């Protein structure tokens, strides 16, 4: 590998990548929410039963999680030394980030595609005055009143999720996921939707996937030749096994949220009234 290629790929192996690995692992485990929540509530001065939505303790918990991931990343780097653990783990960390982001995008995207996340306003919603709605209720009724807007929004989440499943299309998926998640985060902040931290997490994952490609994107914007990134190592084993493993993982990431959404469609779709003879003769 040439020195210029080494300079290009030096972004990945380092503290940022180790922090990303620890942060994703802590989010997947979820134990910190139970372990650190009492500390976060104490720092926020919250008493009594836990508050719904995103109270100040949720933001403190987010900061504690990020700080704990940083401490773990620093300890990892000190224990690693010159052994090259980070460089060998980099492809697997990026795979985990891609699949995690794709899975969550499929969850929210399929719900919007099948018009489940924001249902159409019912009669009582249409009779409610604007001042009687909170910001989140106003957003939900507005999006629910436009099936086209909700469907397109869901499609714009499902498309990058599909692209993120393969490393050769991951750049296109990240390029599409970043503006989509920026818009979602803007809506959550502007209308006080209580998943602001969740949207911020997804945006952070999309930026992390896009990060190693930034030098080439900058060269492309300046009309300069780009430099190829080294291909990550494949899965161990004979030829059929890695392909089957990738197919199984991609199938689960895609189909599990879809099957859950289809089950919700079957449960919550309105049931038509049966036609009786009296109704026909009335």
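Here, residue 1 is simply the first one shown, and the rest follow in order.
Cβ atoms are placed via backbone N, Cα and C, with glycine included.
Per TrEMBL, these features apply:
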TRANSMEM  20-39  transmembrane segment
TRANSMEM  59-79  transmembrane segment
TRANSMEM  100-118  transmembrane segment
TRANSMEM  138-159  transmembrane segment
TRANSMEM  171-191  transmembrane segment
TRANSMEM  197-214  transmembrane segment
At least three Cβ pairs under 8 Å linking the transmembrane segment (59-79) and the transmembrane segment (20-39), pairs spaced 6 or more in sequence?
yes
Contact yes or no, the transmembrane segment (197-214) and the transmembrane segment (138-159), 3+ Cβ pairs under 8 Å, gap 6+
no
Within the same chain, the residues 6 or more beyond the ends of the transmembrane segment (100-118) and with Cβ under 8 Å of it are 24, 27-28, 140-141, 143-144, 147, 150-151, 153-158, 160-162, 164-165, 173, 177, 202, 205-206, 209, 253-254, 256-258, 260-262, 264-265, 268
